[in-house]
Amino acid sequence: MRERGRGSGASVDERYAQWKSLVPVLYDWLANHNLVWPSLSCRWGPQLEQATYKNRQRLYLSEQTDGSVPNTLVIANCEVVKPRVAAAEHISQFNEEARSPFVKKFKTIIHPGEVNRIRELPQNSKIVATHTDSPDVLIWDVEAQPNRHAVLGVADSRPDLILTGHQDNAEFALAMCPTEPYVLSGGKDKLVVLWSIEDHISPSTTETKSPGSGSSSVKQISKVGGVESPSVGPRGVYQGHEDTVEDVQFCPSSAQEFCSVGDDSCLILWDARAGSTPAVKVEKAHNADLHCVDWNPHDVNLILTGSADNSVRMFDRRNLTSGGVGSPIHKFEGHKAAVLCVQWSPDKSSVFGSAAEDGFLNIWDHEKVGKKKDRVGTRMPNSPPGLFFQHAGHRDKVVDFHWNASDPWTIVSVSDDCGSTGGGGTLQIWRMSDLIYRPEEEVLAELEKFKSHVLTCSSKS
């Protein structure tokens, strides 16, 4: 990626200039925030305040440093401008090298090692889990953690809880359960591990509620980065992958069901009630390593996977395989490099986003695939079926993004810019124009009204 970024510098810059000129047309709102150090993850926290023209919300980021200062977990406050408030000419007038007035650092936590992934607990989004280059999962109560000053030699912040159970580094695969205070992780040990945060408060619950076959949890103390914290062992340990587990996800409707993907090209579905072996194993879900997976919160039959083969695939869990290998309902092929992140939209059940090393964040609607209207007219002649918006505001690989559950159609995305600008990263918070995703008849009716308004105004003048 680094080499390619250098080689195609002119085309990246041209593409970016073209995108920036279209910002007033394509976006309802956009904020661009330059990061001194790249952030490998970005997540929305709780909404703090609603005002007339904007909402204030927590944002979780990280700083992946070169060692001259400590790695940090950053809690920021973000002003999210409401729909149809920002003036079109203002949103495109930003300086790429500047910080955004809409993003303010609120608190810094000195993290033991770099932050590879951040996930918030859906029932209580001030509780956050992080993955670093170690076998442990770290749990943080970000509101209770003290604010620290990131200078060289400072002691690490103390995690509120350490989840132990991996036998090798667990760097990326991390998920929090939407229905119970459960945490799921995958690692280089080829294992998927499940914990309950509540076992820290009441270890005895493991005996009565244990869904898997893992060791029961015993209250203990663990050390990470030279700092001691209470720790808890797993509820279950699940074996079935033959290479590193790259991503995990809970079923939105059940704390006992989850899925995982890995470098063995497999998608595995698990049911903790049925033991520690796979419920369904999908071989060759893609023709390369799988990087990411997401389970549709509106339709629990649909699962998305993203891979190093540059594609996103959609599987129906009622019919996952054919002839012993993965049989996706659809393949979405619009990226030119490895797909790093996929996520279903909380706002429309058929919409999802995919981010990749090609610097694009694509927004798809699987219901548009195969429809007459998608094949002609509204879609560009050579654009892939289902693709209806392409965010091209990043100039390097888009490593993470997150739909905002409080502000519809609002996305935060982050790129690691080491390949294009030699360091740092770019954080963007954006919302496409509602004229792009609303029903066509509705949009045309509104534009017709606007047209008659313009004609009336011009006739009066």
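Including glycine, each Cβ sits where the backbone N, Cα and C put it.
What TrEMBL records for this protein:
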- 203-220: compositional bias 'Polar residues' (COMPBIAS)
- 14-81: domain 'Histone-binding protein RBBP4-like N-terminal' (DOMAIN)
- 203-239: region 'Disordered' (REGION)
- 238-280: repeat 'WD' (REPEAT)
- 283-316: repeat 'WD' (REPEAT)
- 332-365: repeat 'WD' (REPEAT)
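Across the range of the repeat 'WD' (332-365), the DSSP-based residue counts are 0 helix, 18 strand, 16 coil. Below 8 angstroms of C-beta separation, residues 1, 12, 291-299, 302, 304-314, 383-392, 394-405, 408-409, 411, 413, 415, 432, 437 of the same chain, each at least six residues beyond the ends of the repeat 'WD' (332-365), sit close to that stretch.
Across the repeat 'WD' (238-280), DSSP assigns 3 helix, 24 strand, 16 coil.
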